[in-house]
Structures are given as C-alpha cells and as structure tokens.
Amino acid sequence: MAGGAILNPTGDGKEYPGKMTMFVFLTCLVAATGGLIFGYDIGISGGVTSMDSFLLKFFPSVYRKEKADTSTNQYCKFDSQLLTTFTSSLYLAALIASFFASSVTRTLGRKWSMFGGGITFLIGAALNGAAKDVAMLIIGRILLGVGVGFANQSVPLYLSEMAPAELRGMLNIGFQLMITIGILAASLINYGTAKIKGGWGWRVSLALAAVPAAIITLGSLFLPDTPNSLIQRGHQEQALTMLRKIRGTDDIHLEYADLQAASEESKTVQHPWRNIIHRRYRPQLTMAILIPFFQQLTGINVIMFYAPVLFKTIGFGSNASLMSAVITGLVNVLATFVSIFTVDRLGRRKLFLQGGVQMFACQIIVGTLIAAKFGTSGEGHLSKSYSSGVVAFICIYVAGFAWSWGPLGWLVPSEIFPLEIRSAGQSITVSVNMLFTFVIAQAFLSLLCRFKFGLFYFFGGWVLIMTVFIAIFLPETKGVPIEEMILVWKAHWFWGRFIADEHVHDGAVVEMADGKNGVGTKATATTV
C-alpha cells in the first residue's frame, strides 16, 4: 500500500531530540523571504500587462486590438506571443540558472546561493523599472529569472535542512507563504499604481521588485549555513556547533552521526548529475520531475499570472479585474496558513489528495460557467452576480491549491533526496518547474483563444491524473529525519524494489502503518 510511514531511525524507540528554538524560527523566517521575489514577480506581471499605458508603450498592437472592437471574441483579445514572451522569459532564465545554482549551493553553501539570487534580482528590477524598449524590458526579466532560479534552488533546501524533522513541513511552507505574500503585495501595488495619472504607474510596480530583492540579499548575509552543508564541505566542528544551536540541546549525537554518514556517502559521488540517474535514486528522481510538472498543470499560474487579464477577458472592467486579483491573492495567503498548521499533523498525502479533489471540481465548474455565457463564439457578457460566482469558485480553487500542491510542490522534493545528490535533485525540481511555467505562460493566451472554456477542462483532467498518481506512488514523509528518508522508499510497495539493502544505513528500522488501524510491520535494513 502507498500509505504513511513512521520512521524509527535507531531501531530502539528513540527519535532525534530537537525543538523549535527562536534561533531556528528566525533563520527560517529570513530564509523564507526568498519566496517574496518569486511571488512578487508572479503577481506583478499579470497586473502590469493589463495596464493600458504599459501596453501602449511596449505592445501597441495588443492595445489597438483590445480597443478596436469591444465585441471581439473574448477568448482571443490578448493572444500575443510578444506579450507572453515578456512574462515567460523569466522562467526560461530561471530554468538555466538553477543548474548553475546547484554547483554554488553544493560548493559554497546555501546562503551564498540565496545572496547571488537576491543581487541578480535587484539588478533586474532596476532595469525593468527604467525600461525604454522591449529589449531592455526582456533583459531585465532574464536577470529576474536568474535570481528566481538561485533562490528557488537554495531556499527550500535550507529550510528542510535547518528544521527539526517533526516541524519540517511547517517551516518549509514558510517559503510558499512568502510566495503568496509576494503575489498579494504585487496585486495591491498594481491596484494602486494603475490609478496613477500620467501612465507611469507600471514603472513603480516593476521597480518595487527591488524591495523583496533587498530583503533576501541583506538577510542572507546574516544567515548561518546548515549543518548538512557545513559537514558536506568539511567543516565538522562548525557543523556540530550549529546542530547543537539549532536543536537547542547537546543530545545531537544520533543526528550528527547520520549527517556524517550522509557526508561520507556524498564524498563518493564526484558527479551528482551522473549519479542521480542510477537505479537507487529512481523514486526521488521520479518525484523531482513529476511533482513540479504536475504543479504547473494544475493551472494555478494561469490564474496568478493572468488573473487581471483573465477577469478582464471574461467581462470585468479594468479596476474590477485588478480587484479580483487582490481577492484571489488574499485567499492564497490565508489558505497557506491551513497547510502550515496541518502538514505535520495530517501529513503530505492527505493534503495532496484533498486539494486535488477540490481543484478538480472547481476547474470543471468554472469551465462550465464560462461555457454557459460565452460558448464557443466568445461573445457574451457576465452580470455582476454571475461574475461573482466565477470569482467565488476561482477562490475555492486557489484555496485548494494553497494548502496542497502549492506548498507541497516545494516541500516534498526538497526533503526526499540524500545529501550526495540533494543540490542536483533540487535543481531538477526547479528546472522542471520553470520549464513548464515557461511553457504554460507562453502558451496560455493561445490556448485560451483555441480551447476556449475547454482550457479549464484541460487543466481539470491533469488535476485528476496527478491526484491518482499521488494516491498510488507517494509515501508519507512527515516526521522522517531528512537523512533517513531512504527508508521510506525502501519500505514502499513499489519503490522498494529499486533500493538494495547495502544502500541503507546500519540498523535502521521503518514501521509502515496500514493507514487504517495504525497496525504496522517493521522492516530492518542492514548494510552488507
């Protein structure tokens, strides 16, 4: 069965001691602010591309098409590859940057990868705010993308390594919380700058990306590196001191021994990119590819990138569309707290499955509501009450994503890889995420024009597929020490066949619950 796993790493009933110390809380809070730059960009780009002054300066053909005929097909008003290149170029840059970030994260540590991301994002924000033409705009976006690639590669790893096992989910989801706060802040800023007379409000929106960039840049300078990273780079004494500090106890010998074992294993891996394709890493590699792939095919970025454009397209006025984006952004933030407070109690699987069912239902309902008014012709008008209904179901959809696939799409991949290939594994997660973010962002407006309301059914179908995948293939990872995660895969009904006994630590015991009455069986793995 694909149910939950409870880890007993020592085989004698002991667990790693550790508690939430103020030091851990503050360091994780500062590190999580790396999510602000990603969230701010997601929220800002959709709002800016719905501002008339921005379109008139950089994309006049889109502006003229929008204004020329108010009765034109609502599905196709914004179908412009140049316009979507502005949005999606960032994600292609982030994809490429994540591979370079892997080497920085592995050799210099997690904090310097965050610092590099913040600096690059800062430069990109300055270029975008001062942009005079499309070329300058897109160069700025590419630099923003490099910053996002570095931050998304290093921050989830940092959070998972610093957190005590029983609170890892809550602290790691701080990254997703900051993403949602960034999206909300961007929506509020767009709502305000759209009202600036003189048509330069978009410059304020784009330039203010420097604020979250400055926060993570300065914050990273004060962060300590993780014990995992320190010991991997040969700083054993510093790692031991840091582990005592973040766990709030001197009784850290079991965890430190596991870190040392993982470090020794990592030293045998000279080429993590070559090793990651080995059979014993097949379960983690599969998840690192499919979870971010599925995360993008939930359709969430369609909502978040283009919420103002989408609402404007289905009949909302300009201000109303921005206000609707603010509403969905607020729902996104509040619903993320649900995940923060439940992920380490309910586990990853339950949230994945519940959120999947909720999102599937909402995609089908929204698609049907839009179909009823616009049909295949794209001609139609939404009344205020009908529009409110569309927004309500979109908000329910966003809430489902915010407590399931949103945070868990970053949490699960960051906690499942062994140390020797962890930075490479996280780079694969980021690159797949960015690749399909790029594809969806680039293709969305064309897909909307061609699929019409069927686009919501398209994403709904993918949500159904990914929910079934999680139900069958993802084991529960809550409460499992990060360096003992291999035991969860060893005990899984399907993935266990890929992992030989000699690849597991000495004397480790996994107790697999049957998911119904808590009765489980123990499997001891010893090194040959």
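Cβ atoms here come from the backbone N, Cα and C positions, even for glycine.
Residues or ranges marked as domain 'Major facilitator superfamily (MFS) profile' by TrEMBL: 27-478. The average pLDDT for the domain 'Major facilitator superfamily (MFS) profile' (27-478) in the predicted structure is 84.
Residues or ranges marked as transmembrane segment in TrEMBL: 20-40 (among others).
Within the chain carrying the transmembrane segment (82-100), a Cβ under 8 angstroms from the stretch's Cβ atoms is held by residues 41, 45-46, 49, 55, 58-59, 61-62, 134, 137-138, 141-150, 152-153, 305, 427, 430-431, 434-435, 437-438, 441-446, all 6 or more beyond its ends. The feature transmembrane segment is assigned by TrEMBL to 82-100 (among others).
The feature transmembrane segment is assigned by TrEMBL to 112-131 (among others).
Summarising the annotation, TrEMBL assigns transmembrane segment to 137-159 (among others).
Annotated transmembrane segment per TrEMBL: 171-194 (among others), in sequence order.
Look at TrEMBL and you will find 200-223 (among others) tagged as transmembrane segment.
According to TrEMBL, the transmembrane segment annotation covers 285-309 (among others).
The transmembrane segment annotation in TrEMBL covers 321-343 (among others).
For the transmembrane segment (386-406), the residues of the chain that approach it from at least six positions outside its boundaries are 176, 179-180, 294-295, 298, 300, 303, 311, 314-316, 324, 327-328, 331-336, 338-339, 342, 351-352, 354-356, 358-359, 362-363, 365-366, 369-370, 373, 466, judged by C-beta separation under 8 angstroms. The transmembrane segment annotation in TrEMBL covers 386-406 (among others).
Annotation comment: TrEMBL describes 427-448 (among others) as transmembrane segment.
Summarising the annotation, TrEMBL assigns transmembrane segment to 454-474 (among others).
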> Sequence-remote contacts (6 or more beyond its ends) of the transmembrane segment (200-223), Cβ cut-off under 8 Å?
Replying inline: 27, 30-31, 33-34, 36-37, 39-41, 44, 47-48, 51, 53-54, 111-112, 114-115, 117-119, 121-122, 124-126, 128-131, 140, 144, 147, 151, 158, 182, 186, 189-190, 192-194
